[in-house]
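What Swiss-Prot lists as region 'Disordered' is 1-22, 69-98, 140-227, 249-271, 1118-1172. Annotation source Swiss-Prot lists compositional bias 'Polar residues' at 75-87, 195-204. Per Swiss-Prot, the feature repeat 'ANK 1' maps to 301-330. Swiss-Prot lists 377-406 with the feature repeat 'ANK 2'. According to Swiss-Prot, the topological domain 'Extracellular' annotation covers 681-702, 760-789, 855-899.
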Amino acid sequence: MLMSRTDSKSGKNRSGVRMFKDGDFLTPASGESWDRLRLTCSQPFTRHQSFGLAFLRVRSSLGSLADPVVDPSAPGSSGLNQNSTDVLESDPRPWLTNPSIRRTFFPDPQTSTKEISELKGMLKQLQPGPLGRAARMVLSAARKAPPASVVSPNNSHGEPGPSRAESAEPRAEEPNRKTAVGRRKRRKVQEPRRSLSNSSSQPNRRTGRTRQRQHRPQTKSDDGGVQAAGQCPICAGFFSIETLPQHAATCGESPPPQPASPASLSSSESVLRRHHVALTPVPLVPKPQPNWTEIVNKKLKFPPTLLRAIQEGQLGLVQQLLESSSDASGAGPGGPLRNVEESEDRSWREALNLAIRLGHEVITDVLLANVKFDFRQIHEALLVAVDTNQPAVVRRLLARLEREKGRKVDTKSFSLAFFDSSIDGSRFAPGVTPLTLACQKDLYEIAQLLMDQGHTIARPHPVSCACLECSNARRYDLLKFSLSRINTYRGIASRAHLSLASEDAMLAAFQLSRELRRLARKEPEFKPQYIALESLCQDYGFELLGMCRNQSEVTAVLNDLGEDSETEPEAEGLGQAFEEGIPNLARLRLAVNYNQKQFVAHPICQQVLSSIWCGNLAGWRGSTTIWKLFVAFLIFLTMPFLCIGYWLAPKSQLGRLLKIPVLKFLLHSASYLWFLIFLLGESLVMETQLSTFKGRSQSVWETSLHMIWVTGFLWFECKEVWIEGLRSYLLDWWNFLDVVILSLYLASFALRLLLAGLAYMHCRDASDSTTCRYFTTAERSEWRTEDPQFLAEVLFAVTSMLSFTRLAYILPAHESLGTLQISIGKMIDDMIRFMFILMIILTAFLCGLNNIYVPYQESEKLGNFNETFQFLFWTMFGMEEHTVVDMPQFLVPEFVGRAMYGIFTIVMVIVLLNMLIAMITNSFQKIEDDADVEWKFARSKLYLSYFREGLTLPVPFNILPSPKAAFYLVRRIFRFLCCGSSCCKAKKSDYPPIGTFTNPGARAGSAGEGERVSYRLRVIKALVQRYIETARREFEETRRKDLGNRLTELTKTVSRLQSEVASVQKNLAAGGAPRPPDGASILSRYITRVRNSFQNLGPPTSDTPAELTMPGIVETEVSLGDGLDGTGEAGAPAPGEPGSSSSAHVLVHREQEAEGSGDLLLEGDLETKGES
C-alpha cells in the first residue's frame, strides 16, 4: 500500500492493515492532520484484470463506512457492525458500493432539494448533534445519486425491485422521454469506468447464469424491448448478442470473482435500511467493445418496398421511403432508443449491400446519410464493395467510419467477427476481412487504400499454439477457426499483399512459401490448399525476378541476403566468400535452401550461373561436345601435373585458370575417377595374387593403398563443414552418403590395423604359440566367424559399391543424364515406401506357412524360418517350384498350404509388384513433365558448390600443406598479435560493388553498407511497382477483351433478332395469326404468343409501324399490363411505381432517332418503350 521504489526493488513489503505513522508521509506533511487520502497507482496492470482498489480500506477515529454510525444503545448494533464488515470482506467489489468511490468515479445527476432535506433530517434523528464524517459522506453521496436511489420514509425496506419512480403514477410523455435520455447518458458515463473492474472478470457458469437472470429485467426496462441473448459455448453463460463476441474472445482469461454470501448481503441491506438509504448497485454486465455496439442515434423502421426501389434505381422513391420511415418511427434525435430485431437489422444490411452491388453510388450515399449502420453492417458493406471492385464506395465507407470519432473502428476488431454469430449468414467465408478479400482478388488500389487506413492481416498463430485466443476459438467453433486460418493465409499469400505489405517482397515470398510447405505437412487435411498457396508464392518470386531490366538490378537482387533472413536457420553459411571475382549470390543460395525451384530455374538466374561457371572461357559454352570431352580427357591425364603447378604457384596464370569453376569441376572429377581406378586395380590384384590374399600373408599397406584418397576425402569434408556450417552441410543428401562411405572405409582400415596389432602382440613373446599362428599363418577355413579380416573385407566390398554410386553426383552437369539421375532418386523414395507394405505382407505369409509345415518337415525349403523366407522371397520373381508345398499324405495341411501359397502369389506378384511399377512410372512421369525445372535446379546446386573460395586442389593433393596456407597462417598470427583494432577486423565485401540508378555503370566502391542495402531495397520496390503496373495493364486488357467478346456476341444476337422481328412485322402487317418458324428463338415465340393472346383487344395496329421499319439499334422493353379496366384497355402504372414484372427487352433497327418517342402500343396491350 505504502511502498516506495527503493522498498519495491529491495523486496520490503510495507503493506498491511495498520494505522498510518509519521514515517509513512513526506517530510512537509509529517505531523499534520488529514481528512482524506489520495491514492496513486503507478504499477502496470492489464486491462483484463479488475482494478486493484478492492484491497484498500481506510479507517479513522471519526468513523468508517464499514462501521456505520449507529446508536450504541440500540440492540443488535454490534451484530450489525460485524455483518457489515463481513460484507466488505466477502463482496468481490466492495469499493463499487462505497458511496465515496461512486461519487468519485460514477457521478450522477443531482437529486431534488426536498429529498436531500428529508435524508438530512433522518440522519440527525440517528445521530443528534453535529453530523459526523460518515453522515456527511452519506449525505454527499445521496446528492449525487439518481432520484430512484433515495427511498421515501414510507418505503423503508430497501428490497430490490422497482424504484419509486417506477411505482408511482406515470407522468407525461415528455418527462418520461427526458428520463430515458438521462438514463442513457448516465450509462455512457458509467460504462467506460465500470469496464476497468469487470471487463475481463467473466463469471463462471453458475454465477454467469444467475447474474443474467438478475439483469434481464433491468435491461428490458431500460431499453423498452426484449434483448436477444445467446449462450457462450465456452463457459455456458448467457450474454446479449452484441456482448457475446467480446466475451467469447476473452473467456477464461482471469478467474471469476466469488459472489457474496447471502448472509452478508442481508446484513448489508439491514444496515442500509437503518439509514433509510438504498444505493442502487451498478449492474456488472460485461460491456462490449465500442466497435461492436450499435451506433446510438435514430433508428428507422425498415420499409418493405425499399429493396425493390433500390433494385430499380429509383432515387426519389428511396428518399421518400426513408423520410416516411423516419416520421413513422418517431426516432428523431430526441426519440426513445428502440431495439432493432435481428430480421430488421438484416434487412437494412441487405439494402445497403444491394445498393453497393448494383453500383448505385448515389443511393448508397443516401442510405449512409440517413441511416446509422453499426460496425457489423459496415463490415459486410465493405466486403461487398471490395468484392464488386468499387474503390469509390470503399472510400465512402471508410470515411463514414472515420467521422465516427467516438466509435472509431479499430482494425483489430475485424478478428472479433469470428465470435459474432449474427453474420454467419453472410455470403463471405469466416476470417475474410476487407483487406483479405481485396488481396485475394489482387485489387491493388483497394488494398493500398485499406492499408493506408491502418488495416492489416494478422498472421495466424502456429498450429500447436495453446494461447487463450486460439483455445477459445477452437472451443467456440472448430470449423470456423480452421476456415479462418485458411482464408487468412489466402490473403497473406496473395500477390497484392506480398507487393504492398512487405518491404522486401521477394524475401517475404520465400519465407511464406517455406511456412506453407511446413503447414501442409502438419495439417494434411488442408494440404491441397496449402500446396496451392505455396505454388502461388513461388510463381510470384519467379515473376518478380522477371521484372529486372539490366544486370545491375539482377546483381543487387541476387547478391544480398536481406536483413530479415540473417537470423534464419537456412541462412547459415550463406555469408561465405566465393572465389575472387565471383559475386556472393546469397539470395540465390537462400532460394536453393528454401527449395524455390521456379525462382532458381528462371532464365535470369541460369544466365548468371552459366556466365560465372565458364568464367573467362568465353568459347566453352558454344563449343561442341567432342571438344569438351577432349579437354576433359586432357585434364584427366595431366591432373597430377596441374595440381603440382597450382600447389607451387597458386597466383600464377595457371592457378587463376584452375580457379574457374568449370575447370575446377573437371579437375575434381578426374581425381575421383583416378580413385575409382585404384579401387578396380586392387580388385584385379586380388584376383591375380589369390594365394597371397587368401591367407594372412599380405601386409596392411598392400590392401590399403586407397586410404590415401580416403584421407584426402576426410580432410575435404572437414573443410566443407567449416566453410558452410553444420546445418547447411547436412541439408545436402549427398553429404550423408559421403559420411557413410568415409565411416565404412575408416572402419575397414581400423579392423586391418587391429588384426596387425593382435598379431604383433601375440607373436612378440612366443612366436610358436597357437594364438600367434592363428593371426599369422592360419588358413581361411580355420578363422572364426567374428574374425576382424572377415569384417574388414565385407565392409570394403560394400564401400566400394557405394563409391561407384557416388559418381552419380556429377550427372546433373548434363541435361539428359541429370534428368535420369533425378528420376532414379524419386524411384528410390517410392521403393522405400513400398518396402513397408511388402514386409508386412511377406511376414504374415511367412508365419502362416512356417506354422503349417514345421510339424511335418516334409520339405527342405519349408518348416524352417530362414528357408521359408528365402522360398517366399524368390517366389516373387518366379524362381521357385510350386510343388514344394505338396504333402500327399496330409490332405488338410496340404490344402491350406496350397491355398496360402496361391494367395501369396496373387497378392505379391500380381498386385504389389504391379503397384510398385505404377508408382515408379508415376514418379518418372512427374519428373518428365517438369524435367527442365528439375534439371536446372539440380545443376544450380552443383554449380554453387564449385563457386566457393578454396577447395581448389583435388584429392589427394589437398592433404599436402601448401605455401599459400602457410602464408595465410603467418598473416593471421601477425594480425592477431600486432593489429587488434577494430579497423583490421572489418569484414570486406563478399561481392563486387554495384552501380546506382543514376549511373548504372559506375562502381560504388566507396559506398557504405547502408547505401548498398538502400540500393537493394530501391531495386526491390522498383520491381514491385513494375509488377503492379503490369498486373493492372493485364487486367485492363483482359477486361477489354471480355467486353469485345460480349459486343461480338451482342452483334450476333442483334442480327438474329433483326430477322426474327422482321418476320414478326411481316406477319402483323398481313393481319393473320403468325406461326413461329421452327428455328425461331424463345424471344420470337414469346412475342408471337403475346400478340395472339391479345389480338382482339384494343385498337388495331397500323400496317407499317414507323419505329419498326427504321434501321438502327434501339432497346425496346415489351411488357404486359398488370390488369385491364372495364373498357378493355391495359392499366397504366401509376407515377413512381415500378413497371410490370413480366417484361422482355427487344432490339430492333432504327434509322434515326424519333423526337419525343413514346410508347408504342401493339394491339392496345403490347407496350414498347424505345430508348435511343
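The backbone N, Cα and C atoms fix where each Cβ goes, and this holds for glycine too.
Note on the repeat 'ANK 2' (377-406): DSSP counts are 26 helix, 0 strand, 4 coil. Here the topological domain 'Extracellular' (855-899) has, by DSSP, the following mix of helix, strand and coil residues: 24 helix, 0 strand, 21 coil. For the topological domain 'Extracellular' (760-789), the list of distant contacts is 694-696, 751-752, 754: same-chain residues at least six beyond its ends, Cβ to Cβ under 8 Å.
Remote same-chain partners of the topological domain 'Extracellular' (855-899), defined as residues 6 or more beyond its termini with a Cβ less than 8 Å from a stretch Cβ, comprise 842, 845-846, 849, 905, 908-909, 913. Nonlocal intrachain contacts for the topological domain 'Extracellular' (681-702), taken as residues 6+ away from its ends with a CB within less than 8 angstroms of a stretch CB, comprise 752-753, 755-756, 759, 775-780, 789, 800. Residue counts for the topological domain 'Extracellular' (681-702) by DSSP state, with H, G and I taken as helix and E and B as strand, are 13 helix, 0 strand, 9 coil.
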